[in-house]
Amino acid sequence: MFYREAGQFKASYAADQQIFPIRQDRIAYYTLLAVAFAAVPMVANEYWMATILIPFLVMSIASLGLNILTGYAGQLSLGTGGFMATGAFAAYKLSTWDIGATFGLAEPMHLHMVFVFLGAGVITAAVGVLFGMPSLRIKGFYLAVATLAAQFFLLWLFNKVPWFTNYSTSGVISAPPRELFPGVVITGPMAHPVTKYLFLLSLVVLLALGAKNIMRCHLGRAWMAIRDMDIAAEIIGIRPMRTKLAAFALSSFYCGIAGAAWAFLYTGSVEPLAFSIEVSFKVLFMIIIGGLGSIMGSFLGAAFITLLPVLLTNGPRLLGLNIPVDIISHLEFMIFGALIIFFLIVEPHGLARLWQIAKEKLRLWPFPY
Amino acid sequence: MDFLYNILVAPFAMIGAAPSFFVEVLIGGLLSGVMYSLVALGFVLIFKASGVFNFAQGAMVLFAALFFAGFMDKGIPWYGALPLTVLVMLVLAMGIERVVLRPLVNQPHIILFMATIGVSYFLDGLGQTIWGSEMRVLNIGIPQNPINMGPIQVNAFDIVAAVVAGSLVAALALFFQYTRIGRALRAVADDHQAALSVGIPLKTIWAIVWTVAGVVGLVAGVMWGAKLGVQFSLAMVALKALPVLILGGFTSIPGAIVGGLIIGAGEKVAEVFWADAIGGGIEDWFAYMLALAFLLFRPQGLFGDKIIERV
Amino acid sequence: MSAPPLSSTASAAAPSGKRPIGDVILSVQNISLRFGGVRALTNISFDVRQHEVLAIIGPNGAGKSSMLNVINGFYHPQEGKVFHKGKERLKMKPHDAARAGIARTFQNIALFKGMSALDNIMTGRNTMMKSSLLDQMLYWGRAQKEEIAHREFCERIIDFLEIEAIRKTPVGRLPYGLQKRVELGRALAAQPEILLLDEPMAGMNVEEKEDMCRFILDVNDEFGTTMVLIEHDMGVVMDISDRVVVLDYGRKLADGTPHEVRSNPDVIAAYLGGH
């Protein structure tokens, strides 16, 4: 009844090409932003911030990244964890880099956190391009297995080469405390969850907007063309090499930022173990359950996969059941697996498609025709 | 410079100085490669017959090994535990066909692939819920002692493993070539629709293939379990079968064997002679890099046909 | 910013009627193509002249599609040369051919199934779009202007092909005839000099065929696009083509006007069967 587009005419192509062509969608979007930026920090307690909202936002970035590569450009990757680790270690090296000493200044000086994150993204993008090279010759599952090489090699590298951990003896390195603005600490143990949350949220909004924009420009169309039929794409003049490598670069840029955010804004420590193959699978689940080739789906999937374990661990306790911890962790595996199968059977196109169907229904409601 | 020397010169000097040691390492690698082939074989069977990239093969290996070791711990002798476990794998295969494959028929490959990851999580959880997660020692009486063959020392266990794997492959080849079910399987592998149209029951065939893959997984699980103990990390061993697959091609049984041998030998040799130069633990990624380098020169794998693209 | 003219050689405003056939624009000489032991094409030569409609006919397996694949760089013949605008074309990739002004459609529709009709047509203009990655991420200024300018151009093609109603529909949901039209639109969006059409009317009913013929002739008239088309329907071939090349078992049987080809005894014996 309220969700109608009748009477909303577009007089220009610019109006027709905007992200939310329907007015109600636009209103919903701005409301959501307002809630996320203003209401949530006031309402949510620290536990919610630190254990649910922040990891959800971090994983949304990773899942946006993988969706660019797999959902839009059609290149299956299992190397997400490795790329996230690259981002985390790049950010660590950049944030501990004493520019003052390098350029012979008297005072020690450090890169600003914004540049640390950007730099981590750019470095990861370069690594991503390197490991994306095989995609020029191999496709599908062969490529997926090849990206596992990135996953295992990168983690091994960060484990073995002491330079990456600044020769730390314990092997556990923590994110150095840094300020976003003078007086506002963003990383390290003193940083307030709300600060981290707001910084992360801005990052997420910008990155999601960037991804959405690219998908309505020529690069986005080139990716989808390669995904849908690579030979035809080449014959109409799309250069496969550039296009695929661009996908790897941008996807890894996102994953790198996600990795840096994971280490600096969520766990506060940088360790390769946090980016194991399990993470790669988790992100893949996110985009499949959320919806391949959908920005919205990346968020829905990230929310689902981050919330599910929280529910599974806390659910039985809330119901008053007392199940031993190790059994719970096994059960968690089972339920996780079963739910994934269930979702794939019910809606192979993910939550984003369900959302779309719901909107279609809403347009007609309450009259069925 | 030191680094380059350690990579480019020192290992070869070492090989030149003790060729019999090199041969020993090589044979050890080839024999352990057979174990990779065993796991890869299960993947190939399922991919051939249903086009499903079965990520759960590793979980099936663990699942089968858990049941087998669990039955033996309950005091059932191995000749009793074996058919019991085969029965379990049969039930599992039928369950997977009914619950996962049938509702997802005609979906894109990536969806089926994801579903098998779901299956893999489920099996890992189920197996450990039933049998617990502590390590089980699996003693089926295979000797572990080294045997001297001239100047070369070989582990008896590896030889047994190779013989078992060899006979399994031979049995599978005969099964595929000469039985009615085998013919039907090959028909299904060629073309689902055409096979259906001449009256081959697809559902039965899939259940059979998954059972056979389960049995292959059981053999792999028992061999690996006897070597490393039955525990969760067994499922990870299966990841090693993936580079074997891309080396050999997803649809080729000889490919799985030869790929396994190459990966096994390459990994052992690199570990023994190059680990000093580039740091230990390279077995984590060496197989993948080897397969990747190989793919750049031959994208269709060792035994795949040259791909002619059409429009 | 106004849209660029529909054709690089003429303004779209005034339909100019059939242009006189010009010089040789593309020339294939002594092409032989083998796949392993199979000889797909043997020693084939012919010329394509500017503004003409050239039909390639022949029975199934005669090598017609392979010939198109050679022209747009998808297959590389073992022997023979391709001259494009007088210059010998060395081994090139299909995307280079596209950039050199050769577009094509496919026998089995090769649209991008996950994208809307409009997006499919827009991909045809990808080679002309220059805005950088960052511009596109910001969708500000240059990128947006570029998008809108090209959108205007594509809308004119949509208008021309009469597919306004389905521009936002995913092409996977469209009926066959409309998909063929969208595919033609995608090829036209690239403003090609030479358009290769692989069985543009296969599987169509009479009405759809008539529509498609009209589009082909209109494109040829209005934009002067040179056409090379493969078609099985003899009636259509005789009606719309200026010249016909006949292939059989990978060899050229005849080459000439529809009338000449129709009366060529070799062709009658091998193909038309005493038509």
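Glycine is treated like the rest: Cβ placed from N, Cα and C.
Unlike curated entries, TrEMBL annotations are predicted automatically.
Since this is a predicted model, take the numbers as computed values, not measurements.
Now, the feature entries from TrEMBL:
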TRANSMEM  A:27-44  transmembrane segment
TRANSMEM  A:50-69  transmembrane segment
TRANSMEM  A:76-94  transmembrane segment
TRANSMEM  A:114-133  transmembrane segment
TRANSMEM  A:140-158  transmembrane segment
TRANSMEM  A:197-215  transmembrane segment
TRANSMEM  A:245-265  transmembrane segment
TRANSMEM  A:285-311  transmembrane segment
TRANSMEM  A:323-346  transmembrane segment
Of A:114-133, A:140-158, A:197-215, A:245-265, A:323-346, whichever stretch has the most CB pairs under 8 A to the transmembrane segment (A:50-69)
A:245-265
Any chance the transmembrane segment (A:76-94) and the transmembrane segment (A:285-311) have 3 or more Cβ pairs under 8 A, given the pairs are 6 or more apart in sequence?
no
Do the transmembrane segment (A:197-215) and the transmembrane segment (A:323-346) share at least 3 Cβ pairs closer than 8 Å, excluding pairs fewer than 6 residues apart in sequence?
no
Taking a Cβ cut-off under 8 Å, which residues six or more beyond the ends of the transmembrane segment (A:27-44) line up next to it in the same chain?
20, 53, 194, 197-198, 201, 205
